[in-house]
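Asker: The structure follows.
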Amino acid sequence: MFENLHGSSMHKRTMISRDYNYSTDVEDSSELVKCISEQEIASPPWKLSLPHVLVATIVSFLFGYHLGVVNEPLESISVDLGFRGNTLEEGLVVSTCLAGAFIGSLISGWIADELGRRRAFQLCALPMIVGSSICATARSLGEMLLGRFLVGTGLGVGPPVASLYVTEISPAHVRGTYGSFIQIATCLGLMGALVIGIPVRSVFGWWRICFWVSTIPAAMLALLMRFCVESPHWLHKQGRNAEAEAELERLLGGSHVTAAMVELSKTDKGDEMDTIKLVDLLYGRHARVVFIGSTLFALQQLSGINAVFYFSSTVFRRAGVSSNLANVFVGIANLIGSTIALALMDKLGRKVLLVWSFFGMGIAMALQVLASALFASSPNAFYLSIGGMLLFVLLFAVGAGPVPALLLPEILPSRIRAKAMAFCMSVHWVLNFLVGLLFLRLLDQMGPELLYSMFGTFCMLAVVFVKRNVLETKGKSLQEIEIALLPQE
């Protein structure tokens, strides 16, 4: 009986898809929307899309893991490979991964648009597996740098595609919650790398195990993606409407397929065959949303979050706390903040979290400045600095960390989403690299008070920018957001 009922519903949807032209004008589709029952208009079940989202966040776990995998083992790596005491070569082991990520981010949009989201995931897993294997078996600095560069290219491709994919397959009422999974997975990856690296000082060659371990989730990503849905948005842009309908049924349930296809038709009409060039992103009618996205990522990095991560171990050691315990404290603060974001993203909204996150980060930086000023006169200044640092990390994880990666795919129009996301992520990687490269030098030349004041100023500028430019997207479909930002002429 259930098989007959399922077959009947599939037949009805097939008839609808044949009789209805999805590229009709929005005005023509309004009559069909009015005919959709209350059951169809209700929010679709979230459980259907959850497994696909969880598989996609493996990329974010790998992102966090590879960012933290060399923190503890770096000294052992330098001893075994013969460059101990050479700060430039030690820095290259870290920064080469960032350089590879920049290259990967530049091509991620093309890969996602030409090959599809699922294949982009599988493709990004390949250099991470190969690169990690090269790092694990490296006998020289050159081999280590090659492996780190390959890993970086995979990291550059993966996170933008993950943000796209999660945004495009998530029901509107839980899209913010699902987007928060990306930040939580990144946090768990960082903490996982720290935990795996604990035996590195007592077990000879353990750093090689740290790299081998990372090949397991990368292989799982490539394998599990074979069973996940392709993005219905991408399929519809390719003119593969029947496949898009089938994937929407897997994600939303049968009663929501027709309404979802009508929504897709409102924004994708006439855009499928257009070629997007860089000049279109910077000077065309999409320039405003690209500017908002790029600036959000720029302000995220200029807030000093990576500088805080880089400097945290030193601050904790001066206060008499071991670096391992310091990393645990920072990881816990990051995880607590990410969990708060998960609970609030679809209740308070993206804009509210961004504003209060950046504002609180500015206050935390003020505590750092105060601690630096009191350093000479008060033995307790380090503890104030520690409190400010942990507060900064927690508040970053509440809003400034997860929201930009979620908000960008929401506000970027479908026809430019992948390529514009790639451009914005390249801005992220460039500034990430520069902050990491220049922080210690600026700290020596400017002193902590001036440097942290500068970071706090960027946080407050971010508050003003978000209040003036960012659109609240909570609970809205991607098509509603696109129409609001780019009114149809």
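Every residue, even glycine, has its Cβ placed from backbone N, Cα and C.
Take a look at what TrEMBL says about it:
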| type | residues | note |
| --- | --- | --- |
| DOMAIN | 52-474 | domain 'Major facilitator superfamily (MFS) profile' |
| TRANSMEM | 53-71 | transmembrane segment |
| TRANSMEM | 91-111 | transmembrane segment |
| TRANSMEM | 147-166 | transmembrane segment |
| TRANSMEM | 178-200 | transmembrane segment |
| TRANSMEM | 206-229 | transmembrane segment |
| TRANSMEM | 289-313 | transmembrane segment |
| TRANSMEM | 325-345 | transmembrane segment |
| TRANSMEM | 352-376 | transmembrane segment |
| TRANSMEM | 382-408 | transmembrane segment |
| TRANSMEM | 420-443 | transmembrane segment |
| TRANSMEM | 449-466 | transmembrane segment |
Asker: Run the contact check on the transmembrane segment (91-111) against the transmembrane segment (449-466): 3 or more C-beta pairs under 8 Å, excluding pairs closer than 6 in sequence.
Answerer: no
Asker: Do at least three CB pairs under 8 A connect the transmembrane segment (325-345) and the transmembrane segment (420-443), leaving out pairs fewer than 6 apart in sequence?
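Answerer: Between the transmembrane segment (325-345) and the transmembrane segment (420-443), which are separate recorded stretches, there is no contact, as judged by 3 or more close Cβ pairs.
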Asker: Quick check for me: are there 3+ Cβ pairs below 8 Å between the transmembrane segment (289-313) and the transmembrane segment (178-200), leaving out pairs under 6 residues apart?
Answerer: no
Asker: Could you tell me the mean pLDDT over the domain 'Major facilitator superfamily (MFS) profile' (52-474), as a whole number?
Answerer: 85
Asker: Does the transmembrane segment (53-71) come close to the transmembrane segment (206-229), meaning at least 3 CB pairs under 8 Å for residues 6 or more apart?
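Answerer: They do touch: at least three Cβ pairs between the two stretches lie under 8 Å.
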Asker: Answer yes if the transmembrane segment (178-200) and the transmembrane segment (382-408) have at least three CB pairs under 8 Å among residue pairs 6 or more apart in sequence, and no otherwise.
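Answerer: Yes, the transmembrane segment (178-200) and the transmembrane segment (382-408) are in contact.
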Asker: When you scan the chain for residues with a C-beta under 8 Å from the transmembrane segment (449-466), skipping those not six or more beyond its ends, what do you find?
Answerer: 295-296, 299-300, 302-304, 307, 351, 354-355, 358-359, 361-362, 365-366, 368-369, 372-373, 400, 439, 442-443
